[in-house]
């Protein structure tokens, strides 16, 4: 079904959108990629609880309901979306009063005391996602082999799986792979795995693409009691379908397979098996080339990622103008939660040394490969928990000297571990810190307050306080209420 935007946007429609925004947190989904754009995880429905008021009107189709859930702003013009996000970020950041002695947990001002710039728009607004994960469950027609996204039914507490062909943020290639995977599992003799304890095998499919159109698909499979030989038969059928059968229309460059008895497994826990094609796809950002593995983190909007990384770079290590030319800033940049090294590598021409810290070993391997691929020689990447690695590293930097130290942190939604904040706060050499957050109203706000509060020996926050001096929102997720915020702290 094609979703059309009406020319007149009435007050009723806007109220309806805001109502939808408040309700998206109760969505049921095993799709972490989509939940990354929706906000809070799904709430569980307890037996015996009274059902809340229906989220949608009876005359809305399932497709419209899914669009309202996944892309709540799809009815607004893009300018209206950006204005809504600007006001939202100002409201969130007003919780930082600007006074290092009084960072209270409740908002006391309508606007922050430091500048919040207008939201930088995404260069691409439709079909921008380069990674999508499609779930498997019962469709609204009752077919248990339906591939799409979860929505709660209005009655009964169950979920329904709705096809995502109409979603504005999904590229056509992702939709095509999802349709073909649905056709494949409907032809398969194996049942889908809807609940682990009830059996079944076929689970989600993740699709990754790059700007050149290269496509990687990863199929997740629960082996249950099947022998390796039996699993091998179905893997062969999957390869045949996507390489010589109807699925060949997808023109996959890579087909991965992961057997897992858990909802999520790392490559170390259960290796990704390459069934067909190349082990990686590549993407370019700000003139640098990056390798993307099956489970590597990469920003879901490549075009907006360039805007984001350029913003981070210019805030953290701005080029200096000297005698009519430009010279690099020098010193050391700490890239905490560095992922595959994108932020550090794009900043490498402006500093003497980059030190990246990342928990996921595969991402560190990718980061090292990316540095070598781009002939970047001043980057090193350390695997491990930042809260374990960083304190000792800061001690080494203090004793070695070597010029100014800046830091950029880009943690997951859970924010930074308190020990990481302590290590950054208590290192006097760090005069500038750039914090990238996709959810500043969550755990990140606690980090902000820890960075900016008055010294507190009881909390091991003894260093000079930082002050927020500038915030730059970047729209990574058009048609949703979310965006990335780049927050500059200085002291």
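Note: Cβ is positioned from N, Cα and C throughout, glycine not excepted.
Applying an 8 A CB threshold to same-chain residues 6+ apart, the list for residue 410 (S-adenosyl-L-methionine binding site) reads 335, 336, 337, 338, 339, 343, 436. According to TrEMBL, the S-adenosyl-L-methionine binding site annotation covers 299, 358, 410.
The active site, nucleophile annotation in TrEMBL covers 438.
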Output field, S-adenosyl-L-methionine shell: CB within 8 Å of site CB centroid, site 299, 358, 410 dropped:
297, 337, 338, 339, 340, 342, 343, 436
Just to verify a number: CA distance, residue 358 (S-adenosyl-L-methionine binding site) to residue 438 (active site, nucleophile), in angstrom, no decimals.
18
Residue 438 (active site, nucleophile) has how many other Cβ neighbours within 10 Å of its own Cβ?
21
In whole Å, how far does the CA atom of residue 299 (S-adenosyl-L-methionine binding site) lie from that of residue 438 (active site, nucleophile)?
11
For S-adenosyl-L-methionine: widest Cα to Cα gap among 299, 358, 410 in Å:
16
Near the Cβ of residue 358 (S-adenosyl-L-methionine binding site), how many other Cβ atoms are there if near means within 10 Å?
26
